Amino acid sequence: MYKFELVKAIPKLVDYLKNSDTQIVQSASQTLHQFSKREAAKSQLVTQRNVIPTLIIVLQQTNDPDTARAVTGTLHNVSQSDPGRKIIYQSSGIPALVKVLQCSVDAVVFYAITTIHNLLLHIKESKQNLRQTNATHLMVDLLQKKGNVKFLAICTDCLHLLSYQHNETKMQMFQANAAHHLINIMNQNTYEKLLWTTSRVLKVLSVCNQNKRAIVEAGGVLALGLHLQNGSSRLLSNCLWTLRNLSDCATHVGGLGPLLQALLQRLSSTDHQNIVIACGTLANLSCNNVQNKVDIVRHGGIENLLRVIQQVGDRPEIVEPAICALKHITSRHPEAERAQSMVREAMNGTGLQHLHRLLQPGNAKTTVRKGVLLVLKNLAQEAGCRRALGQADIVGELTSMAMQSGQTLQQDQNNRESLSILDSIMGIFVGLIREPQMKMQIKSPTNIAFFLQIFHHPALQLPVGALLGHLCVTETDVLAEIERNNVREQVERTFQHSESRRAELERRNRQQVPPPQMGGTAQQPGHPVPGGYPAMTPVSQGHPGMGHMPPNGAMGHGHPGFDPAMVPPQGHPGHSNHPAFHQMPPGHFDPNQVFPPQHHNPTMTPPMTPEGQMVHSGFHPGQAHTVHGPPQGHHIPPQQPPQVQAPPHAPMSNWFESI
């Protein structure tokens with residue numbers, strides 16, 4: 001009987017909705033709202049297909065808040081079923097719902113945003129329909145409603161659904177200053193669902209260059225760091241991913257001591273994905289930032305990173321960023337020598353052994369081995385590390401590795417991998433020759449002949465010239481061999497250039513002594529970071545391939561949101577983006593000589609510094625990385641710090657005279 005009465009009553013109510021009397025329209029809409037709360041009546045509202053279209057017309061035309069409240073309430077109830085959502089969408093309900101988002105009555109806005117949310121979740125086409133309206137800006141404005149956390153959770157989830165893999169929406173959010181409002185939510189709320197939905201939006205925005213910078217400038221790094229101890233695994237995961245994506249733009253941010261400590265704690269997680277993200281973030285935040293390097297060392301970063309390397313075996317997606325972070329924190333800061341000795345003493349004196357293991361053929365990918373060489377280049381500056389490396393016969397292994405790379409270069413003079421390996425080995429040898437026993441091994445006649453051959457390669461002149469110059473200062477036999485090959489002037493000029501540059505770096509490091517307290521002073525983007533080096537935008541950071549790609553499994557290729565278009569980043573020493581390989585002259589090798597002699601120009605190919613800084617831009621799984629600017633998985637050639645260059649015709653001196 002009840003159903004029969006509804007069938008008769010609803011058409012009459014629809015007729016009343018078309019009346020010119022606003023009171024009659026209001027009463028009819030309120031009655032339909034009451035009906036829509038009952039399941040039987042709700043199905044009738046959908047079945048009689050003229051009901052919903054008429055309600056939407058009323059919503060578009062009315063200025064009465066009570067009528068708007070009743071109509072949006074009815075649409076909200078109807079949108080909870082699939083037939084109801086379809087008829088709302090087909091009746092052009094989206095423009096009417098977007099219009100009332102500006103209503104001053106909270107209930108109307110709540111009903112409207114909830115209905116929009118239901119449409120976004122279940123009707124794919126509704127996203128594009130909403131993007132064609134002013135919905136994005138209006139939703140961003142609604143983020144300022146601080147009283148209703150459930151409303152904010154729905155609103156932020158709508159923004160996530162609209163911005164996911166859609167660059168135009170991200171730019172609209174940037175223009176609406178969404179980053180500021182989202183960070184305020186992260187700072188001011190404890191409701192887990194709201195924090196989670198907000199962190200999802202931030203994760204999506206963090207792969208857009210403009211939004212990334214806006215998030216960092218709004219204090220996003222510290223705001224996200226507040227939630228790294230949260231018990232919600234889904235919130236923690238989003239915060240970690242977002243921090244990872246922001247970290248290449250956040251090298252200038254100060255006061256990160258507590259955040260760095262929290263990231264180091266994540267290294268003991270049983271979730272390997274969290275370890276990958278934490279290592280990558282630490283590697284980026286320690287790029288060219290003296291205070292962050294010191295904080296990581298003081299918080300036990302050396303021990304934690306080495307333990308990760310020991311425990312994960314040969315998993316490059318974890319080992320590579322861990323090695324990169326180690327490379328940064330063992331060079332170019334006031335406590336670098338202490339950090340180098342801590343590597344030797346870590347894990348009951350086995351720290352160096354775990355690094356040495358990765359150099360063995362077959363124990364790690366080539367990219368990992370190249371990273372280890374860069375760490376050893378730093379460690380060779382500390383006396384205790386040099387002695388420990390000597391006991392492990394490191395010279396023999398490095399010589400063998402260098403010879404193999406030289407053979408590869410004989411076939412392909414532009415082989416970036418071999419050039420990177422040789423550059424690093426020459427730097428290690430410069431440190432090791434301070435120990436007499438290792439110096440004798442390094443300056444063997446076979447080695448000197450090999451060094452003189454590769455010295456003629458333009459990309460290796462500076463590192464090889466620095467090594468030969470150091471040997472010539474005290475070793476008369478090496479000096480005699482240099483003179484026999486008629487390259488004394490070239491070697492001396494290269495050595496002078498190298499020494500001037502080294503002295504300049506040491507001077508800068510002495511001037512940038514961080515205060516003893518954790519953290520630092522925040523600086524504006526683009527200003528020099530602690531240590532005197534410019535803050536770097538998404539550029540490369542001396543870590544050969546970060547292992548950014550999530551592994552197969554959770555959050556990896558098997559994850560439904562993962563985008564296979566994302567590729568591992570490049571841009572490390574040995575990659576075409578690295579400046580050391582932009583000026584390779586064409587030519588081929590004489591079969592009787594590894595490298596043809598060429599005129600030496602010490603400024604031709606800038607050397608890889610002790611910290612060939614490479615910041616890796618970020619991404620999150622499921623989010624396409626091709627956004628505004630360069631692809632998010634690749635690197636821009638790094639900006640090199642100012643170099644002290646030798647005069648083009650520096651006068652000859654007794655620089656190499658034996659002592």
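Cβ coordinates come from backbone N, Cα and C, glycine included.
Here TrEMBL flags 627-637 as compositional bias 'Low complexity'.
What TrEMBL records for 638-650 is compositional bias 'Pro residues'.
Annotated region 'Disordered' per TrEMBL: 493-537 (among others), in sequence order.
Marked as region 'Disordered' by TrEMBL: 627-659 (among others).
Through the fold, the repeat 'ARM' (8-50) approaches residues 2, 58, 62, 64, 66-67, 70-71, 73-74, 77-78, 81, 83-84, 87 of its own chain, all at least 6 residues removed from its boundaries and within a Cβ separation under 8 Å. According to TrEMBL, the repeat 'ARM' annotation covers 8-50 (among others).
Broken down by DSSP into helix, strand and coil, the repeat 'ARM' (50-93) contains 35 helix, 0 strand, 9 coil. What TrEMBL lists as repeat 'ARM' is 50-93 (among others).
Among the features that TrEMBL reports, repeat 'ARM' is placed at 177-220 (among others). Taken as a whole, the repeat 'ARM' (177-220) shows an average pLDDT of 97 in this prediction.
Annotation source TrEMBL lists repeat 'ARM' at 300-337 (among others).
Residue counts for the repeat 'ARM' (177-220) under DSSP, split into helix (H, G, I), strand (E, B) and coil, are 35 helix, 0 strand, 9 coil. The residues of the repeat 'ARM' (300-337), classed with DSSP into helix (H, G, I), strand (E, B) and coil, number 28 helix, 0 strand, 10 coil.
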